[in-house]
Amino acid sequence: MSDNVPTIAAVATAPGRGGVGVIRISGKNLLPMAQALCGKTPKPRVATYADFTDEDGQAIDSGLLLFFAAPASFTGEDVIELQGHGGPVVMDMLLNRCLELGARLAEPGEFTKRAFLNDKLDLAQAEGVADLIDASSRSAARLALRSLKGDFSRRIHGLVEDLITLRMLVEATLDFPEEDIDFLEAADARGKLDGLRRAVDDVLANAQQGAILREGLNVVLVGAPNVGKSSLLNALAGDEVAIVTDIAGTTRDAVRERILIDGVPVHIVDTAGLRETDDVVERIGIERSRKAVSEADVALVLVDPREGLNEKTRAILDALPLELKRIEIHSKSDLHAHAAGGFGTGAETVIALSAKTGDGLDALKRTLLREAGWQGESEGLFLARTRHVNALKAAQEELSLAALCGNHQIELFAEHLRLAQVACGEITGEFTADDLLGVIFSRFCIGK
């Protein structure tokens, strides 16, 4: 990084009141700032008890000061942490004092971004920091920690090293174009390529599982009015999150709820119907429902077996994208017998369910996990993002194209290897555009 990088400061603990609050400062040559803050010169990695004072020497708070000298710190720069009492007024006064002494307020994710730019961690590890903070389940937290500790990165670095080795082998043959030799066969380049393809497939399979655990499944509930969509949402959520009455059309806006099934987040939207209406308020809810449908991975199509596919249900089915996966739910199974087979909703799975008694809920949850592609947490998994999966798919495609090259298409073979390496490098940040870095780190919390 440049020598002109400014000193930054921010509250590193969550907003609100707490027993302890932490101010984090990062920059170059921070000992004079520490001296001005508490009248002491701290030793590296030693907790120093001190009064934190304002410009007039009046105590703002008392607590612990920790100093981490560059480069042995989280950001790779000098880092100071002030651990004081966790009230918002005290934290605000301490932060303002740091700003008076020359620091500026840190942007979201700026501490982690500096750690990345100073080679303290790579991009996949940096994203692991945010994912650990945002983890919605124990499984997600465990897998995010693996990414933070470098499990995912080591897999990617291994792929890159193998790609570089194969590229060196292949590109060395380009120095001898006049030789009538099948270099790809002679150097066993194809055998090595097959091994690389298997390795990429393995990492991709793990990344897809990690992405499922991080990003979950988007589900919409659709069906005719008063068929039991809100009751099903409440049953899945285990709470009264939607109003349930005997009046058709009670739900006038899309109701959203997130649940966990075996640690996998499932984002459920109870739609406000998919029909035309003159009611302005209801029309807004219907537009939101249509948007939810367009973003969904699975639609739960609720059908009353006593009525089958009535005109309203058919109209709703016509509004669903053809490629959207569907699960047909025969609702209110406690009130009537389950109809054999489905009603032609386009669903491969039919489940009889009672939101009142809970019968069929476990079967539905298992089916949702299957539709998500979740295979269960296993050794070697790590938390991943959609961009990681897409990058690995790009590498997979380039290696597949390399395998199609003729025996003497060495230059084209080498180019596909290079592009596969670039795709893998995007994951760890070796080849990453600045605008992508800005997007990634802007989603962090301030102080991290």
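Each residue, glycine too, has its Cβ placed from N, Cα and C.
Keep in mind that what you see is a predicted model, and the values were worked out from it rather than measured.
Annotation source Swiss-Prot lists (6S)-5-formyl-5,6,7,8-tetrahydrofolate binding site at Arg24, Glu81, Lys120, Lys448. Residues or ranges marked as K(+) binding site by Swiss-Prot: Asn226, Thr245, Ile247, Thr250. Marked as GTP binding site by Swiss-Prot: 226-231, 245-251, 270-273. Residues annotated as Mg(2+) binding site in Swiss-Prot, with sequence analysis given as evidence: Ser230, Thr251. Marked as domain 'TrmE-type G' by Swiss-Prot: 216-373.
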For Ser230 (Mg(2+) binding site), the one of Glu81, Lys120, Lys448 that lies nearest, given that the binding-site residues are compared by Cα: Lys448
Using Cα positions only, nearest of the binding-site residues to Lys229 (GTP binding site) (Arg24, Lys120, Lys448): Lys448
Predicted model, mean pLDDT over the domain 'TrmE-type G' (216-373): 79
All-chain count of other Cβ atoms within 10 Å of Lys448 ((6S)-5-formyl-5,6,7,8-tetrahydrofolate binding site): 21
Cα-to-Cα gap, Arg24 ((6S)-5-formyl-5,6,7,8-tetrahydrofolate binding site) vs Asn226 (K(+) binding site), nearest whole Å: 54
The one of Arg24, Lys120, Lys229 whose CB sees the fewest other CB atoms within 10 Å, among these binding-site residues: Lys120
Cβ neighbours within the same chain of Glu81 ((6S)-5-formyl-5,6,7,8-tetrahydrofolate binding site) - under 8 Å, at least six residues apart: Ala12, Val22, Ile23, Arg24, Ile25, Leu65, Leu66, Phe68
Site with most surrounding Cβ atoms, counting all protein chains shown within 10 Å, from the binding-site residues Asn226, Ser230: Ser230
Three-state secondary structure, which DSSP defines for Glu81 ((6S)-5-formyl-5,6,7,8-tetrahydrofolate binding site): strand
Between Lys448 ((6S)-5-formyl-5,6,7,8-tetrahydrofolate binding site) and Asn226 (K(+) binding site), the C-alpha gap once rounded to whole angstrom: 47
DSSP state at Arg24 ((6S)-5-formyl-5,6,7,8-tetrahydrofolate binding site), helix/strand/coil: strand
Spatial separation of Asn226 (K(+) binding site) from Lys120 ((6S)-5-formyl-5,6,7,8-tetrahydrofolate binding site) - C-alpha basis, Å: 56
Site extent for (6S)-5-formyl-5,6,7,8-tetrahydrofolate, whole Å (max Cα pair distance, Arg24, Glu81, Lys120, Lys448): 18
DSSP state at Asn226 (K(+) binding site), helix/strand/coil: coil
